[in-house]
Amino acid sequence: MTLNFIGLGVYDEKGITLYGLELAKNSDIIFLEKYTSIIPYLNIDSLEKIIGKKIIIIDRKFIEDGEIILKKAKDYNVSILTPGDPFIATTHIELRIRAEKQGIKVNIAHAPSIISVIPGEIGLQNYKFGRSATITFPDNYSEVPYDTLKQNLSLGLHTLFFLDLREDKYMSVNDGLAMLMEMENKRKENIITSDMLVIGIARVGGPNQFIKGGRISDVIKIDFGPPPHCIVIPGKLHFMEEEALIVFAKIDRELLKNRRI
């Protein structure tokens with residue numbers, strides 16, 4: 001039969017597309033995974049009413065193993081609902097590969113993701129973003145974000161940082177900036193300073209999103225509210241990007257001096 005990957009977007013259950021809704025309504029089994037990101041105002045009861053079917057919540061282990069999903073998809077129409085766009089997460093790509101190798105028909109309903117929404121919301125040009133990275137919790141410490149930022153800045157590119165997420169906790173903008181400063185204290189390459197320009201972003205894509213830019217020393221003190229959060233560090237700026245940051249991220253014009261291409 002079929003395996004459908006259906007994105008839910010970045011904010012609530014209304015982020016599902018008409019095509020995604022059609023696929024879900026025609027499904028025999030519907031799974032929902034929530035571990036790859038947070039959809040801050042997702043109401044599962046409301047989503048079940050919209051689709052008209054019961055939704056089964058699954059965890060990381062269930063989808064990474066994938067055996068039950070693939071077995072069901074051979075005999076039934078199965079859908080997996082995901083935060084954002086289905087294939088931002090590599091786990092979903094692996095499952096799709098396995099399905100197609102087994103001759104299972106795959107349908108995809110794309111949706112907005114943090115990667116596609118953030119450039120427009122803060123006014124930075126999408127093609128000027130370099131590699132992104134995840135800032136992890138201290139017990140899984142990694143300096144990949146530091147190296148990623150170093151490389152991107154050397155090329156004049158913007159950097160998007162995802163913030164670590166677990167079932168029982170999430171990383172805030174404040175925690176993420178503190179981790180970046182800790183990496184600088186260990187590496188001492190003067191890549192990150194307290195005066196560095198950063199943008200903190202919370203609940204992007206929804207009516208109560210919060211975006212604020214400024215120096216690390218200032219932004220780290222701001223309460224960004226509930227998750228999900230992420231951080232952007234700009235590279236070289238086009239004059240239109242400068243104006244966008246002033247308007248959208250409330251950045252003081254003085255902080256943007258000498259950053260233009």
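Cβ atoms here come from the backbone N, Cα and C positions, even for glycine.
All annotation found in TrEMBL is predicted automatically rather than curated by experts.
If you check TrEMBL, you get these features:
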DOMAIN    3-217  domain 'Tetrapyrrole methylase'
BINDING   Asp85, Ile88, Ser113, Ile114, Leu163, Val204, His229  S-adenosyl-L-methionine binding site
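Counting every protein chain shown, the number of other Cβ atoms lying within 10 Å of the Cβ of Ile114 (S-adenosyl-L-methionine binding site) is 21. Summarised as a single figure, the pLDDT of the domain 'Tetrapyrrole methylase' (3-217) averages 95.
The DSSP secondary structure for Ile114 (S-adenosyl-L-methionine binding site) is helix. Following the DSSP three-state reduction, the secondary structure of Asp85 (S-adenosyl-L-methionine binding site) is coil. Taken residue by residue with DSSP, His229 (S-adenosyl-L-methionine binding site) is part of a strand. Taking a C-beta cut-off of under 8 Å and a sequence gap of six or more, Val204 (S-adenosyl-L-methionine binding site) has these contacts in its own chain: Val10, Ile114, Val117, Ile118, Glu121, Ile211, Pro228, Cys230. Residue with the densest Cβ environment among the binding-site residues Ile88, Leu163: Leu163, by other Cβ atoms within 10 Å.
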